[in-house]
Amino acid sequence: MKAEEAFPEQSLAPWVPVVGLEIHAQISSNSKLFSGSQVQFAAPPNSLVSFFDASLPGTLPVLNRRCVEAAVMTGLALNCSINKKSLFDRKHYFYADLPAGYQITQQRVPIAVNGSLSYSLCIDNKMSQMVTKTVRIKQIQLEQDSGKSLHDDTRSQTLIDLNRAGVGLMEVVMEPDMCCGEEAAAAVRELQLILQTLGSSQAVMAEGQLRVDANVSVHHPGEPYGVRTEVKNINSIRFLAKAVDYEIQRQIEELENGGTILNETRAFDSKLGCTVPMRDKEGKQDYRFMPEPNLPPLILYDAKSLPANMNHQQVVNIDWIHKRLPDLPSVKRAKLVEQYGILPEHSFTLLNEDGLAEFFENVVKQTQMKPKKVIGWIIKDLLSHLKQHSLTVKESPVSSFLLADLLNLLVKKDISSTAAKQVLAELWKGEGKTPLEIVKEKKLGLIQDQKELEQICQAVIDRQENEVMAIKSGNQKVLNKLIGLVQRETQGRSNAVLVRQILEKKLSE
Amino acid sequence: MLRASLRQVSAALRDGHVTPTELCQRCLSLIKSTKFLNAYITVAEESALKQAEESEERYRRGQPLGVLDGIPIAVKDNFNTAGIETTCASNMLKGYISPYNATVVQKLLDQGAVLLGKTNLDEFAMGSGSTDGVFGPVRNPWSYSRQYKEKSVPKSHSEDEESNWVITGGSSGGSAAAVSSFTCFAALGSDTGGSTRNPAAHCGVVGLKPTYGLISRHGLIPLVNSMDVPGILTRCVDDAAVVLGSLAGHDPKDSTTIQDNFKPFELPNLTDVSKLSIGIPKEYHAPGLSSEILALWSKAADLFKNAGAKVVEVSLPHTRYSIVCYHVLCTAEVASNMARFDGLEYGHRSDMNKSTESMYAATRREGFNDVVRGRILSGNYFLLKQNYENYFVKAQKVRRLIANDFVKVFGSGVDILLTPTTLSDAAPYTEFIKEDNRTRSAQDDILTQAANMAGLPAINVPTALSERGLPVGLQFIGRSFQEKQLLTVAKWFEKQVKFPMIQLEEVKRHDHGVFQHQKSASFS
């Protein structure tokens, strides 16, 4: 019997969730999009505000070339077509942290359009089952950030900090090609890695350099998309997945209970793990868009259109930027897999942490150990330790040089892998000792003396009559226990392969 | 001395016939004695005298900064001036002291000019009479000239002066009055729809609106960003060229300025106009054009014809849509530009503090006059999503058609267009205020507006006195960035018409108690 026949019509039609994203990435630049003020996180309030940022009458915007280049770079990395001519518009609304009463953005003709982003995610949380998906990028537009409002409820005051006002943003609009929180999170994570690789944004969500709004709706297959809600206030990738999944579930339940979905803005409450309606900004806003009259059209050139007599400092050349794009994460991963023979999922792990791939490659360069084995030490030992202590790769007390040194001792069979782990634990203390010094100090070197090892093995055999009986009667598995006991006796300073040989030989005598 | 042209007084300074301090003091005392004109909002006496002193020191060392060193000038009160109030004649900015100088102000100061003060205007430059500012209307100095008094027969002596004084035109009326009454040698105005040329025509001075993009707008508090141009008001065309030379060129702070450097020029004395082609656009024969101005216009055309120039009638068919098109574009930009005045960062803030929104509303209600609020309201209406295509986009298309008309005419071989600047001579204040600001602006901008739509350079040249003894000017419109040609022709014309100098032997007492009774001593 087919599954469909078993259930009544109503619950048989599953819901199809649809997720689109609008992502604001703060451009990594020394100065703001249209003014010379510095950009810096957590500077004293209102210390980075030019006359233009405070919208003093008579001031005019002057476009920052660096921001344009960052947007072009990002557009190219996301397979967009770059518009050779784009325009700026004013978007009007009154808000205390928007001093001019309008934001300069690119509503009509943005700088980049029609791109795509490929991202991978694992199925059922299994690293070994990864699938690659693609989301279309509708457009990337340049726009100004707003200031920050700080509400002091006890004194019923609102304080305004304009340090962020006018900082350059790239708004990346992703088409609704995703269907769950996991996909949205994976897409944003990949975008974050790309931005960081390009250097076009530092994209640290906790510092507000990457802000994600999710548009969520659900519908039945074959029917038009449902009414969508916009979820804001998402400040980590983990919360993004949670917020989207919560919202999908909420909508399904609402609809199944006969309710309707309102086209509204909701905020994600990370403490409660749910979305709540946001105080509506007095109904629907009409932003009264208008061309920005103080900025001429933004013209970009390529090798073909570049005028011969133009000062190269004055123009942005798309081809020039294209040639200088760094390897993107997907390419880097493929190269790692190909060059070192590591598993694809390991390449993801390597790129997921800033600097980890470089760390790995440095270790590989300095050791005779095979990359396939090195990766285990990197992921199982180094990374888990860093995570335990909330350290970044760059903050690791064990340098790639020290780790390579240690692994070399292992390769040369100077120490056992058990001992190596002990040495590593010592190295974490960061006391400046070399692995060899630790080995000597703690006497962790493998027992090189065959006779000494044989004596220890004999002593173990003598003590474990039952086990010896078992082995002799054919239960070879018990041999491992004896090997373990020898290891314990030698405090990990014995070569397991050698010990097995000695024990086997002795027991067959 | 004060009646001299800028170039003449500059020569006098160089030759030591007068010192910058003496000159500055004489201007300041004339400003005081002509205070009833209400030309100035702020007189920066202290800083002006200090600048004059510094200039004097440079002359003493024999190292003046150039032609402008020591020259007293005035600036319309919608240009930012560091340390001196910038009000835009609005409650919104009363008491506002900008932390920076507009680029044009900085350039003048860098060349040694002495900034006497800030001149009156219509609130935020919205008007054509200089009657709608929070500091009251500007009076046209010609109201007190012998020429006007002789021609206009007073009904009864007691009422005449109070009811007969005429407006300056606007919105740069304070600047025009300041130059016309000899309190300064040059003044900056701004020109969005005729705001420099219109008062220049009514006050009998030269008013130049340069090509859009030739002079930086940085620091000019905007009316319509895509049409605003700093304007230059002087006694003669040569002086306008001097000031233009000191202001023009690329400004990194204004992305709409030309990229190339501007080369200042001196105007040649044209002797032969036979190679010139002067266009007479028939559409400027507009309804309401006074017969005497029409006659003057055709006399001027004849003047060129008789001197050997080719004079051709041309057509600018879309100019008639200019005013209605301007209304949409101007109010839309006004709505946007005025959004920043919310009482938070600077300017007036209402005491109303029930909520941020109510504070915004009260601040803007208290800060702006009806004219400004009216334009904000219509501008926001035109920008609404459902109206944008029908109004704003359409108006932009019409603007392109208007500009293309000029391209065609200049493409056909015409060098310069000759038109009237205003429909009539200046109206008495009591007449003028019978119509509202909007009606007035629509009428008064009709002949000057299109040049702003097209971004073209245009200049008012004082031509003759009307039957009532008031100045009438004609306008020359040139090709984009062809200021030299435009001014050269204007200079030739200026020389032919020999416009009479204003005769203000004394400034009459005002017996109606509104103004201080002061006697002018120094019109010599």
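Backbone N, Cα and C define each Cβ position, glycine as well.
The annotation domain 'Amidase' is assigned in TrEMBL to B:27-487. Residues or ranges marked as active site, charge relay system by TrEMBL: B:K76, B:S171. Look at TrEMBL and you will find B:S195 tagged as active site, acyl-ester intermediate.
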Rounded Cα separation (Å) that holds between B:K76 (active site, charge relay system) and the residue listed as 'active site, acyl-ester intermediate': 11
Local confidence of the prediction over the domain 'Amidase' (B:27-487), expressed as mean pLDDT: 95
Distance, B:S195 (active site, acyl-ester intermediate) to B:S171 (active site, charge relay system) (CA atoms, angstrom): 5
Assigned conformation of B:K76 (active site, charge relay system) - DSSP reduced to three states: strand
DSSP-derived structure type at B:S195 (active site, acyl-ester intermediate), helix or strand or else coil: coil
Sparsest Cβ surroundings (other CB atoms within 10 Å) among the active-site residues B:K76, B:S195: B:K76
